[in-house]
Amino acid sequence: MYHIWIKFLAAWIFLKRFNGVHVMQAKAPMYRNEPFLVFWNAPTTQCRLRYKVDLDLKTFHIVSNANDSLSGSAVTIFYPNHLGVYPHIDDRGHFFHGIIPQNESLTKHLNKSKSDINRIIPLKAFHGLGVIDWENWRPQWDRNWGSKNVYRNRSIQFARDLHPELSEDKIRRLAKKEYEKAAKSFMRDTLLLAEEMRPDGYWGYYLYPDCQNYDYKTKGDQYTGKCPEIEMSRNDQLLWLWRDSTALFPNVYLEIILRSSDNALKFVHHRLKEAMRIASMAREDYALPVFAYARPFYAYTFEPLTQEDLVTTVGETAAMGAAGIVFWGSVQYASTVDSCQKVKKYMNGPLGRYIVNVTTAAKICSRVLCRKNGRCVRKHSDSNAFLHLFPESFRIMVYANATEKKVIVKGKLELENLIYLRENFMCQCYQGWKGLYCEEYSIKDIRKI
């Protein structure tokens with residue numbers, strides 16, 4: 001291996017393809033030498049316990065909770081009624097906890113949240129993903145459009161009831177100010193409480209940041225996938241949220257209308273690009289880890305992603321430098337023995353093999369380019385370079401017997417493979433490491449979080 005490395009360095013000096021882009025340091029991965037992780041966040045406990053169907057998640061390098069449950073030590077997701085007294089209106093029109101944040105006690109909410117966190121995550125050394133899924137309203141007034149406009153209307157009425165002497169213009173301005181102040185307090189203080197109680201967890205809000213690039217249904221061939229500038233500006237205004245987050249959880253769910261299309265890649269790419277931008281501006285010492293939420297099946301269906309769309313979601317997420325991807329799923333996955341078998345078949349076929357492909361390729365790239373002290377990131381984010389095992393050099397083999405199933409990757413990198421990686425990828429060093437290949441250790445670069 002040493003002589004190949006020397007040849008590789010010589011070839012690279014000749015190529016001189018590094019484009020000089022500065023990459024902010026990253027937080028070290030959750031698990032040592034695992035630069036890209038795949039999580040399972042679907043309620044499939046019944047597949048194992050009731051139907052005796054093992055989805056083989058660990059076989060295919062997928063991190064999951066005990067018994068493949070929705071929440072546990074690997075990843076815990078908090079829905080609206082699971083954490084504190086979150087004020088909102090649900091999808092059926094039911095009112096909860098004062099409806100708007102300025103009409104509910106923050107102290108009451110935090111006290112209840114503390115109890116909920118202790119109950120749902122009893123382990124104080126929790127080291128997994130802590131995801132708060134609050135989607136009913138957004139903390140910025142101008143983003144509460146469509147069905148969320150009710151929160152603006154309720155806020156205006158709330159201000160009017162308290163200050164009937166004010167003009168309508170002043171009432172509206174006051175309503176916006178009070179709403180945004182209360183919304184910020186609810187989201188920020190909840191996050192800080194969770195981080196104080198379980199400081200080793202990776203905490204953030206699901207779907208933050210968003211890109212609002214959903215116009216593929218109307219633009220057709222004219223669709224670019226780019227985040228509107230106004231939405232990027234609004235994301236900039238949420239710096240208070242990014243600074244207090246310890247992870248970001250955008251989503252890259254694909255609707256079936258995007259199946260195997262150029263628009264699917266545009267959609268995913270720009271959502272990830274925005275998340276990586278926010279990750280780099282949130283802190284001064286390191287970029288926040290990004291874990292993109294995806295679905296193994298097209299949204300609102302039980303149709304598995306095509307091979308092309310696995311590349312679009314999993315492959316794109318890894319190549320852009322995210323820390324991992326989280327597969328979310330519905331109760332439909334475990335509703336019957338047939339549905340469990342369908343998930344298992346997909347896992348043992350294209351899905352599982354592709355996950356092994358990407359996670360292994362990411363580890364190899366980290367080892368040969370970054371000395372295991374960083375992860376590989378595309379040099380040019382808009383390129384079509386992916387972290388894939390080279391088919392001429394590697395094989396993925398699945399072995400199974402009556403007691404176990406395991407996946408083995410066989411092969412070795414050739415010189416041309418190394419050159420390809422160096423031409424197309426660069427290192428994002430973990431905290432404490434620097435240099436083109438993350439070869440220099442510097443304790444002063446590690447700051448206390």
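In case you wondered, yes, glycine gets a Cβ from its N, Cα and C as well.
Lifted from Swiss-Prot, the feature list:
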- 1-23: signal peptide (SIGNAL)
- C47-C340: disulfide bond (DISULFID)
- E135: active site, proton donor (ACT_SITE)
- C211-C227: disulfide bond (DISULFID)
- C365-C376: disulfide bond (DISULFID)
- C370-C427: disulfide bond (DISULFID)
- 427-438: domain 'EGF-like' (DOMAIN)
- C429-C438: disulfide bond (DISULFID)
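Locations of recorded Swiss-Prot features on the structure.
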residue : record                    : contacts (Cβ under 8 Å, 6+ apart)
C47     : disulfide bond            : V53, D54, L55, D68, Y333, A334, C340, V343, K344
E135    : active site, proton donor : Y206, L207
C211    : disulfide bond            : C227, E231, P250, H270, R271, E274
C365    : disulfide bond            : P35, R375, C376, L387, L421, F425
C370    : disulfide bond            : C376, C427, Q428, C429, Y437, C438
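C370 (disulfide bond) falls within a helix when secondary structure is assigned with DSSP. Sequence-distant contacts of the domain 'EGF-like' (427-438) (same chain, at least 6 residues past either end, Cβ-Cβ under 8 Å): 18, 23-29, 285-287, 321, 369-371, 373-377, 445-447. In this structure, C340 (disulfide bond) is part of a helix by DSSP.
Just so you know, the Cβ of C438 (disulfide bond) picks up 22 other Cβ atoms within 10 Å once every protein chain is counted.
For the domain 'EGF-like' (427-438), the model's average pLDDT works out to 96. For C376 (disulfide bond), the count of additional Cβ atoms within 10 Å of its Cβ stands at 29 [all protein chains shown].
Classification of C429 (disulfide bond) by DSSP places it within a strand. With all protein chains in the displayed structure included, the most crowded Cβ environment within 10 Å among the disulfide-bonded residues C227, C340, C427, C429 is that of C429. Under DSSP, C376 (disulfide bond) is assigned to a strand (E or B) in the three-state scheme.
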